[in-house]
Structures are given as structure tokens and as C-alpha cells.
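> Supplied in C-alpha cells, the structure appears directly below.
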Amino acid sequence: MGKNVVVLGTQWGDEGKGKIVDLLTEQAAAVVRYQGGHNAGHTLVIDGEKTVLHLIPSGILREGVQCLIGNGVVLAPDALLREITKLEEKGVPVRERLRISPSCPLILSYHVALDQAREKARGEAKIGTTGRGIGPAYEDKVARRGLRVGDLFHRERFAAKLGELLDYHNFVLQHYYKEPAIDFQKTLDEAMEYAELLKPMMADVAATLHDLRKHGKDIMFEGAQGSLLDIDHGTYPYVTSSNTTAGGTATGSGFGPLYLDYVLGITKAYTTRVGSGPFPTELFDDVGAYLAKRGHEFGATTGRARRCGWFDAVILRRAIEINSISGLCLTKLDVLDGLDVVRLCVGYKNADGDVLEAPTDADSYIGLQPVYEEMPGWSESTVGAKTLEELPANARAYIKRVEELVGAPIDIISTGPDRNETIILRHPFA
């Protein structure tokens with residue numbers, strides 16, 4: 001029997017999922033994206049060469065691994081085709097191994113225009129979206145008016161739906177946001193060009209997955225963003241527009257939850273966040289700058305500097321509960337090298353002095369202060385360590401304390417960006 005493993009982020013994204021998915025796909029027959037869009041940025045470093053993927057599953061760099069984009073992903077055809085071209089220039093036969101669900105909602109030019117117009121109108125109160133049309137595309141899906149990938153192959157039907165959509169969205173763009181209208185004919189012509197290129201890659205992803213399952217193949221489900229950005233469970237409204245938690249695996253792929261064997265939660269040894277929203281352990285001092293510099297904390301999708309702070313056990317405990325995490329992968333441990341003291345947030349204190357767990361909305365974070373434990377740091381390098389015994393004693397103590405605070409085992413430790421710089425204590429596919 002094969003094993004089916006979910007890999008997802010437990011913080012606010014950027015936890016290092018891409019590297020771990022790439023590492024574990026050595027055993028997988030297929031890798032599946034099940035939510036999000038090209039707002040994700042998964043960075044892989046193989047033999048020193050960096051590749052950033054936004055839509056295509058990270059298993060694409062492993063020869064023979066099938067890559068699937070499930071119905072829960074909002075798909076921007078132009079972004080996907082650019083990504084395919086870049087990989088093909090490196091000799092990766094993407095079109096042979098990539099299959100896309102015809103049920104994926106499309107992201108088209110009017111979604112991008114709406115996304116950017118809204119952020120501009122919000123001014124200082126902006127959410128911090130990537131401006132790539134993700135939210136508006138999910139809105140159209142939920143409103144049951146959205147165009148899907150499968151619609152591309154029926155020109156008349158597509159044109160009729162597009163006309164109705166542009167009547168609606170152009171009214172909002174022109175009369176509410178005072179922005180230019182999107183041209184119908186240009187949008188239609190571009191979409192029909194995409195159709196010819198995408199058609200050979202269409203497949204019933206759910207049926208493909210169940211066929212693999214029946215043949216005893218190992219399957220990996222690759223999450224995007226992080227659990228605290230989940231539309232339902234995140235720091236609302238500073239969240240993304242999809243379910244980034246483990247429940248999204250089933251709805252975004254057609255693969256029922258009882259078939260999932262292991263959920264791997266990826267967490268940094270510290271905490272980062274891109275864009276607006278609450279961040280109790282955020283640092284504005286030299287330590288924050290140190291983490292940002294050593295961790296190269298700039299978004300793979302937007303290039304924006306990430307906010308940095310101490311490890312937060314409170315949000316991780318919440319993520320472990322809502323995802324039924326089987327085990328954790330601790331990434332970027334090496335970024336903490338050289339610090340005299342490391343801190344871990346163990347709770348939040350309100351104005352009355354009460355220690356609380358993680359709130360469920362952004363406003364409830366106002367006025368909360370982190371409660372810290374301090375531990376001695378380490379001066380020795382952890383970069384490239386392959387065994388637990390190679391790590392400094394204080395680094396091992398830090399790892400043990402994280403496990404105690406969050407109530408879940410750390411099964412994998414990442415000690416550098418390359419797939420080889422990893423300590424595997426328990427393999428998810430074992």
C-alpha cells in the first residue's frame with residue numbers, strides 16, 4: 001500500500017515547504033497542488049541552483065514524478081505558461097508530466113485589475129495581497145459566476161460568460177474605483193490562445209489520484225501559504241482566500257480525508273510574515289535585522305521584505321490542532337547560529353495580566369504582549385548538519401523545548417537551503 005502525505009505551512013507562509021516537498025518526492029509518484037494560485041512562491045535549491053515555482057508542484061524537478069494541479073487552485077494561464085517556458089529552457093519536460101483539472105477557476109486580467117484597485121483604495125488599511133487576482137477569482141467561484149479552465153475549450157460559451165462578467169466587473173472598476181475598463185475582445189483572444197496550449201495538459205485529477213492510490217503509489221499533497229493565512233482559521237481579514245489547512249486537501253483535489261496517512265507541518269525556527277496583520281513576536285531591533293539578513297527574508301513572489309520575530313509556540317499549537325499534524329519539520333535552524341540568547345513565545349498576556357492562547361481574528365490580537373522563555377544560544381554552525389549528534393548541545397535543547405511546548409514531534413530538521421542539508425529523524429513515507 002502506498003502512503004499519502006500532506007505537506008503544509010504552520011505559520012504565515014514562507015516556511016520552506018518547497019525544499020521539503022522536493023526532498024520527499026524522491027519517494028512520491030505524484031505531487032499535487034490543491035489550493036492557492038501563483039501568489040505562492042516555493043524556492044528550491046538543488047546543487048546550488050535556485051528555482052522558484054509559483055503554480056507548478058515542486059515535484060517537477062524530480063524525473064518521472066507526475067505533477068497535478070487540483071480543482072482548488074485558481075489558475076492564471078499566462079503565469080503558468082511563463083513558468084512552463086522557464087522550466088523547459090532548463091530541459092525539464094513539463095508538458096509531459098503536468099496535468100491540470102478542468103475545474104480550476106481561471107484568473108484573468110479583470111481579476112488582477114480589481115485586486116490592485118482595491119488595495120490602492122484601501123490606502124494604509126490595505127491587506128497586503130500580492131495583487132495577482134487571487135481573491136477576486138475565488139470570489140467569482142463562490143458567487144458561481146466564474147470561468148473555469150474547462151470553459152476555455154468552448155468558445156461560444158466562454159464568450160457569453162465573459163461578456164456577462166465584464167459587464168459586472170467593468171461597472172465596478174469604472175464607477176467605483178475610477179479605473180479603466182477591461183477590453184472584451186482582447187481578453188477573449190488571449191484566452192483562446194491559452195486554450196490551445198493548455199488543452200493537452202487537461203485531466204480528471206481526482207480520477208488520476210484514485211487510480212494511483214489503487215495501484216499502491218505514494219502521493220504528496222503540496223500546500224501553499226501557511227495555516228495562519230487560512231480564510232477560515234487565519235488572522236482574518238489578513239488572510240488569503242483559500243483553505244490553506246489540511247481540510248483543503250480533500251476539497252481542492254477530490255481525494256477524501258480518510259485516504260490521508262500523514263500531515264507534515266513545516267515551521268521555521270523563528271517566525272516571519274509578509275504584508276499586514278498581527279504578529280505578536282515581531283522584532284524591530286538588531287536581532288530582527290539579523291534574522292532577516294541571515295535568513296534572506298524576502299518574498300519569493302513579491303520580493304517584499306518579510307517581517308521577522310521570535311518563534312511563537314502559541315500559533316504553532318493552534319496550527320497543530322486544526323491540521324491534525326502528525327509531525328513537524330523545523331526549517332532554517334541555521335539562521336539562529338551566532339545568537340547569544342534565543343527566545344520562544346509560550347503565551348500572550350492581555351492588559352489584565354491573563355495569559356491567553358491564540359485568538360481567531362486580527363482585532364483580538366490588539367494589546368496582547370508575548371510571554372517569553374529564554375534559552376542560551378549557540379556559536380557553532382549548524383549549516384549542513386546531517387545528524388542530530390552533529391548539532392550543538394544548545395541547538396538540540398532548543399529543538400527539544402519546541403517539541404515540549406507544541407506537543408508534536410519534530411521529524412525533520414532543515415540545516416540549509418539545499419535538499420542535502422537535512423536531518424530526517426522519521427520519514428513521512430516510512
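Using the three backbone atoms N, Cα and C, a Cβ is placed for every residue, glycine included.
Keep in mind that this is a model prediction, so the values were computed, not measured.
When I checked Swiss-Prot for this same protein, it listed these features:
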ACT_SITE  Asp14  active site, proton acceptor
ACT_SITE  His42  active site, proton donor
BINDING   13-19, 41-43, Arg306, 332-334, 414-416  GTP binding site
BINDING   Asp14, Gly41  Mg(2+) binding site
BINDING   Ala300, Thr301, Thr302, Gly303, Arg304, Ala305, Arg306  substrate binding site
> Cα-Cα separation of His42 (active site, proton donor) and Gly16 (GTP binding site), in Å?
7
> Across all the protein chains here, work out how many other Cβ atoms are within 10 Å of the Cβ of Lys19 (GTP binding site).
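Taking every protein chain into account, the count is 25.
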> Among the binding-site residues Ala305, Leu333, whose Cβ has the fewest other Cβ atoms within 10 Å?
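Candidates: the binding-site residues Ala305, Leu333. Fewest Cβ atoms within 10 Å: Ala305.
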> On the three-state reduction of DSSP, what should I expect for Leu333 (GTP binding site)?
helix
> Do you see any of the binding-site residues Gly41, Thr43, Ala305, Arg306, Leu333, Thr415 whose C-alpha is within 10 Å of the residue listed as 'active site, proton acceptor', and which ones?
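Correct set: Gly41, Thr43, Arg306.
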> Given the recorded positions His42, Arg304, which one is most crowded in terms of C-beta atoms within 10 angstroms?
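Within the set of recorded positions, the most crowded position is His42.
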> At the Cα level, what's the spacing in Å between Gly303 (substrate binding site) and Gly41 (Mg(2+) binding site), rounded?
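Given the Cα positions, Gly303 (substrate binding site) is 10 Å from Gly41 (Mg(2+) binding site).
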> Counting other Cβ atoms within 10 Å of each residue's Cβ, which of the binding-site residues Gly13, Gly303 comes out lowest?
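Candidates: the binding-site residues Gly13, Gly303. Fewest Cβ atoms within 10 Å: Gly303.
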> Under a criterion of Cβ-Cβ distance under 8 Å and sequence separation of at least 6, what residues of the same chain contact Gly16 (GTP binding site)?
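Ile266, Lys268, Cys329, Thr331, Lys332, Ser414 - these are the non-local Cβ neighbours of Gly16 (GTP binding site), listed in sequence order.
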> Helix, strand or coil: which one is Lys19 (GTP binding site) in, per DSSP?
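For Lys19 (GTP binding site) - judged by DSSP and reduced to three states - the answer is helix.
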> Looking at the binding-site residues Thr43, Thr415, which sits with the largest number of other Cβ atoms within 10 Å of its Cβ?
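Of the binding-site residues Thr43, Thr415, the highest Cβ count within 10 Å belongs to Thr415.
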> Would you mind checking how many other C-beta atoms are within 10 angstroms of the C-beta on the residue listed as 'active site, proton acceptor'?
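Counting Cβ neighbours of the residue listed as 'active site, proton acceptor' within 10 Å gives 29.
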> Is it possible to get the count of other C-beta atoms within 10 angstroms of the C-beta of Gly41 (Mg(2+) binding site)?
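By my count, 20.
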> Have a look at the binding-site residues Gly41, Arg304, Ala305, Arg306 and say which one has the shortest Cα distance to Lys19 (GTP binding site).
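The smallest Cα gap between Lys19 (GTP binding site) and any of the binding-site residues is with Gly41.
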> With every protein chain in view, what's the tally of Cβ atoms within 10 Å of the Cβ of Arg306 (substrate binding site), excluding that atom itself?
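Its Cβ shell of radius 10 Å holds 20 other Cβ atoms.
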